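Undergrad: In case it's useful when we look at the structure, here is the feature table from Swiss-Prot:
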COMPBIAS  16-25  compositional bias 'Basic and acidic residues'
COMPBIAS  42-53  compositional bias 'Low complexity'
COMPBIAS  294-303  compositional bias 'Basic residues'
COMPBIAS  304-313  compositional bias 'Basic and acidic residues'
COMPBIAS  332-398  compositional bias 'Basic and acidic residues'
CROSSLNK  Lys151  SUMO2 cross-link
CROSSLNK  Lys310  SUMO2 cross-link
CROSSLNK  Lys331  SUMO2 cross-link
CROSSLNK  Lys386  SUMO2 cross-link
CROSSLNK  Lys388  SUMO2 cross-link
CROSSLNK  Lys404  SUMO2 cross-link
CROSSLNK  Lys408  SUMO2 cross-link
CROSSLNK  Lys496  SUMO2 cross-link
CROSSLNK  Lys501  SUMO2 cross-link
CROSSLNK  Lys509  SUMO2 cross-link
CROSSLNK  Lys543  SUMO2 cross-link
CROSSLNK  Lys553  SUMO2 cross-link
MOD_RES   Lys98  N6-acetyllysine
MOD_RES   Lys137  N6-acetyllysine
MOD_RES   Ser287  phosphoserine
MOD_RES   Ser417  phosphoserine
MOD_RES   Ser460  phosphoserine
MOD_RES   Thr485  phosphothreonine
MOD_RES   Ser536  phosphoserine
REGION    1-90  region 'Disordered'
REGION    181-205  region 'Disordered'
REGION    294-402  region 'Disordered'
REGION    342-375  region '17 X 2 AA tandem repeats of R-[ED]'
Amino acid sequence: MPERDSEPFSNPLAPDGHDVDDPHSFHQSKLTNEDFRKLLMTPRAAPTSAPPSKSRHHEMPREYNEDEDPAARRRKKKSYYAKLRQQEIERERELAEKYRDRAKERRDGVNKDYEETELISTTANYRAVGPTAEADKSAAEKRRQLIQESKFLGGDMEHTHLVKGLDFALLQKVRAEIASKEKEEEELMEKPQKETKKDEDPENKIEFKTRLGRNVYRMLFKSKSYERNELFLPGRMAYVVDLDDEYADTDIPTTLIRSKADCPTMEAQTTLTTNDIVISKLTQILSYLRQGTRNKKLKKKDKGKLEEKKPPEADMNIFEDIGDYVPSTTKTPRDKERERYRERERDRERDRDRERDRERDRERERERDREREREEEKKRHSYFEKPKVDDEPMDVDKGPGSAKELIKSINEKFAGSAGWEGTESLKKPEDKKQLGDFFGMSNSYAECYPATMDDMAVDSDEEVDYSKMDQGNKKGPLGRWDFDTQEEYSEYMNNKEALPKAAFQYGIKMSEGRKTRRFKETNDKAELDRQWKKISAIIEKRKRMEADGVEVKRPKY
């Protein structure tokens, strides 16, 4: 057949020796397309002999591989699935043998699991269907027998619903089983102990010629190491007794067990010798001597002054007559406690000496500050004060009568001047209290202005207050330990004010411009002080006028 219809084709030629002269045979031998189709449709006959195989001398012989053969692969797969199916069938057969259709058994009434319990549970069945007398009698007897057995004999732990306090027989039965099990276990535990006891002592197998050899053997091989109880180490366990309790005599003491780290180790106790004790005490004494003989450096301001001698009581040791400590090899606990007490007393005495030195230094500092303040008070005078020939303060410490005389003399001296507002800077702050009546502190305005007397001494414009000026590090800053309490130190630090020298030389630069050193602060407090002085002067004037008998105009309030 041609591959395409457009290509020309011709029928094949007749074979050699074929004669086509006969027209009839020619017409018969002429084949058509129909004949060719039939030829194709007819199956090929099986060959009687195998066709000659082609000679493949030029190709290499190839081994047969079963994996590449599709037929072999199909056979393998079929056999594999056949095995799986066979295994499933066998498993189903096993399950079918074990399986019980309990629902079918209950329907047929042949369920063996519930034969015993059905007799007890089906009480209502006797009333539903009227049984025969014989069946009723046998069923009732059987049921009564089961009840009696369960009551007196007790069931077993698996099939009995236990009720606390009711199953007496079962309880006794279980107790007996437990006791028998415990007895068996004890016997099993005792058996190996008895067997070990029966073992022969190895010492009997050895023959000793001398007693010394036997003793050496026993010391080497039979010496048992003593078992130490860890709770009974030195200092490990102690008894705590509450002595304040009323029933301390009869009460059981509490046991206190300390940690191993808190207890002294046995090695440290055994290795400590007398030489170690002596060395430790010597180092301690030398450290005390080093601390006690330390000389204190004198400050710059104290260099010119003579050193104040310490009173002999300060250096007196309370253990002066005891003598030097000589350690002994064996010390009783009481001696150790006494020694510790002495050491504590020495430490306390040393601390007291140091505290006395500090207190003495602080007292000197305070005294110097007081002297400096007195000198500054002498230099200072009020703006309103009249000039005096003698600036020395009057001595008012002559007794209670001298203060009254002083007030009287001042009143007589300044009786004529109604607007006198000055005050005198006195030596001690107690004098201000004594002169309180003169300045009107006893009148009704005193409680409104409690700080009047302290603020009346206004600095003069002519002189500069150098107390706040930074004097450099001549005196040295006062530290925390120069004060007794933290509150005093905090108050000192809060009130501390120091301006540089440049502020007194060139003035302080403020927001409104540079102010000179004659700068005087005008605030509300100063204004109130001035008004109070005027009011107090008017009140004093009226009092004097009333005392003289002059009629004074009284306010209407």
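Here the Cβ of each residue, glycine as well, is placed from N, Cα and C on the backbone.
For the listed features, I'd like the structural context: burial, neighbours, distances.
TA: Within 10 Å of the C-beta of Lys408 (SUMO2 cross-link) we count 11 further C-beta atoms, all protein chains included.
Around the Cβ of Lys496 (SUMO2 cross-link), 10 further Cβ atoms fall within 10 Å across all displayed protein chains.
Lys543 (SUMO2 cross-link) carries a helical DSSP state (H, G or I).
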Undergrad: What is the nearest of the recorded positions Lys98, Ser287, Lys408, Thr485 to Ser536 (phosphoserine), using the Cα of each?
TA: Lys408
Undergrad: Nearest by CA distance to Lys98 (N6-acetyllysine): which of the recorded positions is it, out of Lys408, Thr485, Lys496, Lys543?
TA: Thr485
Undergrad: So among Ser287, Lys408, Lys496, all listed as recorded positions, which is physically nearest to Lys137 (N6-acetyllysine)? Use the C-alpha atoms.
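TA: Closest candidate to Lys137 (N6-acetyllysine), judged by Cα separation, is Ser287.
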Undergrad: Can you give me the Cα-Cα distance between Lys408 (SUMO2 cross-link) and Lys543 (SUMO2 cross-link) in Å, rounded to a whole number?
TA: 15
Undergrad: According to DSSP, how is the region '17 X 2 AA tandem repeats of R-[ED]' (342-375) divided among helix, strand and coil residues?
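TA: In the region '17 X 2 AA tandem repeats of R-[ED]' (342-375), the DSSP-based counts are 34 helix, 0 strand, 0 coil.
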Undergrad: When the number of other CB atoms within 10 A of each residue's CB is tallied over all shown chains, which of the modified residues Ser287, Thr485, Ser536 has the maximum?
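TA: Of the modified residues Ser287, Thr485, Ser536, the highest Cβ count within 10 Å belongs to Ser536.
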Undergrad: Taking all residues of the region '17 X 2 AA tandem repeats of R-[ED]' (342-375) together, what is their mean pLDDT?
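TA: Mean model confidence (pLDDT) across the region '17 X 2 AA tandem repeats of R-[ED]' (342-375) is 87.
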Undergrad: Just to verify: the residue among Lys98, Lys137, Lys543 with the fewest other Cβ atoms within 10 Å, which of the recorded positions is it?
TA: Lys98
